[in-house]
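Enquirer: Look at TrEMBL and you will find 35-59, 104-123, 135-156, 168-194, 214-237, 258-285, 305-323, 344-366, 372-400, 412-435, 474-496 tagged as transmembrane segment.
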Amino acid sequence: MTVPKLGDELQKPAVVTDDSNLDDKPNLKGDWLNFFLLLLLYTMQGMPLGIASAMPIILQSNKNVSYKDQALFSLVSWPFSLKLIWAPLVDALYIQKLGRRKSWLVPVQYLMGVCFIYMGSNIDEWLPETRKPDILKLVIVFFFAKILAATQDIVVDGWALTMLKKNNVGYASTCNATGQVMGIMISSVFSVLLTSEDFSNKYLRIRPDVGGVFTMKSLFYVWGILFILITTLIAFFKKEKDNRLEDDHVKLNIVQSYSLLWDILKLPCIQLLAIALLTAMIGFAATDSASILKLIDAGVPKDNIMVIHTMMFVVKIILPLIIAKYTSGPKTMNIYLTAIPIRLLWNISFVAFIYYTPVMISMINGFVNIPIYYYALLVFILAIHDILANIMTVAMLAFFSRISDSRFGGTYMTLLSTLSNLGRAWSNSVAIGMIDFLTFKECSLDHNNNCSTPNLKNVCQTNGGDCNVIVSGYYVETAVCTMIGIVWFCIFRIILKNIQTKDSSHWLVNIKKPTN
């Protein structure tokens, strides 16, 4: 879930402290159009995120793609972890006549539409069916798309605080969570399933045909045109409130916005929390980044993986509502810390499941035969994993909300979520990049040939041999990550429990009120 960004909190605080508003119950009467517009904008934001999340699955089905290639592509997840770098620019620079938020939203979404059309024009060349994909070009274009999506996230989060009435601002998070998941589901499902010949022939066609119902090229063109049309309608028909008329309006310049971030980072408690956030995901990095890819390597069809992956979105939508009452108390980190050892133990289930996958599935007449019980086990393992991961996420976000200085809660929350996202991004990128390095192979005909280079592999295959895996890097890395996670838990368990008992004075920032 995203949070309000820099500068917004001085106009519409993310954490409401005005007592006069506390008795105003939420009522969307007169606000329904704004609610649906926000839902639409967050859904549009989820579209590039969903395509980027589906791309590793599409790439892994191409036997010419290595884990080093996957590690390179994982870099596209970084813009959302780094958006705090340019968030002050989005808040401080705008054209008053166009509107503070529309000054950025309109050009960013137009660029996103153009980016989709450009992808459609080149996707067949970048992602051929038989040859090795052009990973570098895919990384460049998806990285740029993620930068645009992250910028749109900053803009929409800020606009939501003024677009909705004061008593309805809480609905912004609902639009955020629901819209993003909808966008991710639509784009990822369409990208994988509706372009799949096997899935289309099995479930969507009366008579078998070549190719999927859609091509990647046509999907990108459709999404690009929709982005441009919707953005044009918003530009002409949606008026933005003059931010100078807002209560307690204060305009921060760029220097003041960055200075605010530095003041937050100087707090001792924040420094301890930052270290914890940047290292918390190491214990789960191997299973989070590579487990699905290993299943595809073992022969599980990517279409079936995508169907199961889509089912897990239901968990992500419902679970936060179920556990909300448990994460609203003063000691939410207790819930976070309780989930960690269980999740570390659950790493073993992934290792065992992947290890025995070749035993449970079989090849019949050249087709993969996978029994129903295998998919039932897979759904169970992924469901428990997603439940634990979401419990940790919701508990951590609740902790962020409780400790954030309410005078500028948006900046505070964005900084903390950025640290959390960055910790996940770097650990996953490193984990997936190390798998090939930790994997050891041997030619079946020549024990001196370790198949470590393309030339050695060709020599082995030319002589009629196979490059057999002697030691799988995935298993080695999962063991190492789990041990690091146990050490992390032993170190930070006491630290985080102590931090959550600190009173608000340890989290407040002393900053001079800027002048207009």
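Placed from the backbone N, Cα and C atoms, the Cβ positions cover glycine too.
Just so you know, TrEMBL annotations are computer predictions that nobody has curated.
Help me picture these features in the structure, burial and contacts included.
Expert: Listed by sequence, the residues of this chain that lie at least six past the ends of the transmembrane segment (35-59) yet keep a Cβ under 8 A from its Cβ atoms are 28, 65, 69-70, 73-74, 76-77, 105, 109, 112, 127, 133, 135, 138, 142, 145-146, 148-149, 152-153, 156, 159-160, 163-164, 168, 171-172, 175-176, 178-189, 191-192, 223, 227, 230, 234, 238, 292-293, 296, 302, 305-306, 309.
Sequence-distant contacts of the transmembrane segment (135-156), counting only residues of its own chain at least 6 positions beyond either end whose CB sits under 8 Å from a CB of the stretch, comprise 2, 5, 38, 41-42, 44-45, 48-49, 51-52, 55, 59, 65, 69, 72-73, 75-80, 82-83, 86-87, 90-91, 101, 104-105, 108-109, 111-112, 115, 118-119, 122, 126-127.
For the transmembrane segment (344-366), the residues of the chain that approach it from at least six positions outside its boundaries are 283-284, 286-287, 291, 294-295, 298-300, 373-374, 377-378, 381, 384-385, 388, 474-475, 478, 481-482, 485-486, 489, judged by C-beta separation under 8 angstroms.
For the transmembrane segment (412-435), the residues of the chain that approach it from at least six positions outside its boundaries are 2-6, 9, 14, 67-68, 70-72, 74-75, 77-78, 80-84, 87, 261, 264-265, 273-274, 277-282, 285-286, 288-290, 293, 396-397, 400-401, 404-405, 473-474, 477, 481, 509, judged by C-beta separation under 8 angstroms.
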Enquirer: What stretch, picked from 104-123, 258-285, 474-496, has the most CB pairs under 8 A with the transmembrane segment (214-237)?
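Expert: Checked against 104-123, 258-285, 474-496; highest Cβ contact count belongs to 104-123.
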Enquirer: If we skip the immediate neighbours and take only residues 6+ beyond the ends of the transmembrane segment (474-496), which ones have a Cβ under 8 Å from one of its Cβ atoms?
Expert: 272-273, 276, 279-280, 282-287, 290, 294, 333, 336-337, 340-341, 344, 347-348, 350-351, 354-355, 431, 434-435, 438-439
